[in-house]
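A.B. asks: Below you will find the structure I want to go over with you.
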Amino acid sequence: MGRFTRVGAKVGALALAASLALTGCGDGEKKAEFVGGSTAPSADTPQAPQPGDTSAPAASLAVSPADGAKSRPVSTEISAKIPGGGKVSSVTLASADGKQVEGTMRRDGSSWVPSTPLKYGTTYTATVTGTGAGGETRQGTSTFTTMAKPKSMISSGLYLFDDRTYGVAMPVVVEFHPGIPKKDRAAVQKRMFVKTDPPQPGAWHWVYNGTQAYYRAPEYWKPGTTLDVRIALAGVPLSNGRYGNVDRSATAKIGRSFEMKVDNATKKMTVLQDGQVVRTIPVSLGKKSTPSSSGTMVVMEKKEKTVFDTMDSPEPENRYRIDIDFAQRLTWGGEYIHAAPWSEGVQGRQNVSHGCVNVSMAMGRWLFAQTKIGDPITVSGTSRKLAPGNGWTAWSLSWSEFVKGSALPVPEGGSGPLI
């Protein structure tokens with residue numbers, strides 16, 4: 001069918017904490033460690049000198065935030081500098097009323113990250129214990145106060161939900177409105193944590209205007225993977241004096257491998273489950289004036305029944321309003337997989353749609369029952385290339401191109417978890 005907008009729906013933006021808006025075919029198992037973690041000193045923390053011990057008492061170290069610091073963001077992390085090198089062995093953080101704050105060290109040892117945002121306008125005391133380069137125990141303490149709640153705050157969206165099962169191409173999708181300027185993206189990215197079980201490397205990629213960031217692995221996720229995500233942006237300076245208003249987190253699963261591959265030359269869709277071909281389906285793609293996009297897309301939304309409406313089109317020949325069955329959204333511009341009984345006679349032979357992947361009613365019903373949000377579909381051989389950002393386009397780029405969109409350096413093969 002053609003590219004169109006459902007009555008009353010808004011095209012092109014991911015609704016925060018809500019279902020996706022619908023348009024028609026168109027242009028245009030365990031919680032992650034980072035949400036908990038012990039703040040108690042480890043068992044092998046060096047002990048204080050005993051009577052008769054001639055060793056020196058614990059030397060000091062410099063703690064950040066500095067003692068007496070005020071108006072600190074509630075996203076503040078605790079760090080310490082040990083003269084001559086050395087390693088931090090424990091961090092404790094408590095509010096003035098003695099309430100302990102849990103947290104976890106970053107993998108690189110650069111700082112300790114509280115597991116929840118600190119409270120606004122509150123005084124905290126951090127105690128850091130470490131071992132110097134010569135093996136001596138070092139300790140430092142800092143008392144600081146967080147800032148008052150800022151007047152200008154902005155939200156972020158995480159399109160991943162607890163206890164859901166997604167397809168192997170499901171990227172972690174974070175959305176920002178307004179977008180994050182390039183100069184601020186590295187600081188924001190450092191607060192976006194992803195852990196996988198089994199472990200798989202990955203990287204972030206920002207779309208050009210900073211309104212979305214995607215996280216993916218070099219290859220599709222392994223079936224059965226658990227994704228633990230924390231977007232820890234509450235209190236983080238985001239841009240132009242505005243701060244993040246909330247942390248978001250989710251633990252989700254990746255299901256079986258299910259891929260759809262559409263070849264314009266044959267006008268067939270090959271469906272693979274766990275690497276084995278399970279069905280070949282005749283299709284009709286976009287006609288010459290409204291070609292389908294070539295590239296790897298991801299099923300973003302599913303509607304068993306909906307309405308495609310282009311009655312506001314400036315071109316009379318492209319105006320229509322029609323009921324649609326088994327619609328699966330692939331792009332923001334309005335490309336879908338859907339049942340198209342009106343084109344069944346030419347499916348597998350001729351392209352007549354306005355950009356959507358047309359299948360028969362029977363195949364539309366079957367596909368709808370099989371797919372999950374996050375399943376990939378790759379279309380090849382059309383005259384139009386999938387535009388970056390037109391949908392969850394994390395897989396439309398090679399890995400080498402994808403990592404160029406990271407605001408932080410990415411080691412060869414991808415990064416591991418930050419904490």
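The backbone N, Cα and C atoms fix where each Cβ goes, glycine too.
Owing to the predicted nature of the structure, the values given are computational and were not obtained by experimental measurement.
Pulled the feature table from TrEMBL, pasting it below:
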type	residues	note
SIGNAL	1-23	signal peptide
REGION	30-89	region 'Disordered'
COMPBIAS	55-66	compositional bias 'Low complexity'
DOMAIN	258-380	domain 'L,D-TPase catalytic'
ACT_SITE	H338	active site, proton donor/acceptor
ACT_SITE	C356	active site, nucleophile
A.B. asks: Check the DSSP secondary structure of H338 (active site, proton donor/acceptor), expressed as helix, strand or coil.
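C.D. replies: DSSP call for H338 (active site, proton donor/acceptor): strand.
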A.B. asks: By Cβ count within 10 Å, point out the most packed of the active-site residues listed: H338, C356.
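C.D. replies: The residue with the densest Cβ neighbourhood is C356.
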A.B. asks: Can you tell me how the residues of the domain 'L,D-TPase catalytic' (258-380) break down into helix, strand and coil by DSSP?
C.D. replies: 16 helix, 58 strand, 49 coil
A.B. asks: Measuring Cα to Cα, how many angstrom lie between the residue listed as 'active site, proton donor/acceptor' and C356 (active site, nucleophile)?
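C.D. replies: Distance (Cα to Cα, whole Å): 7 Å.
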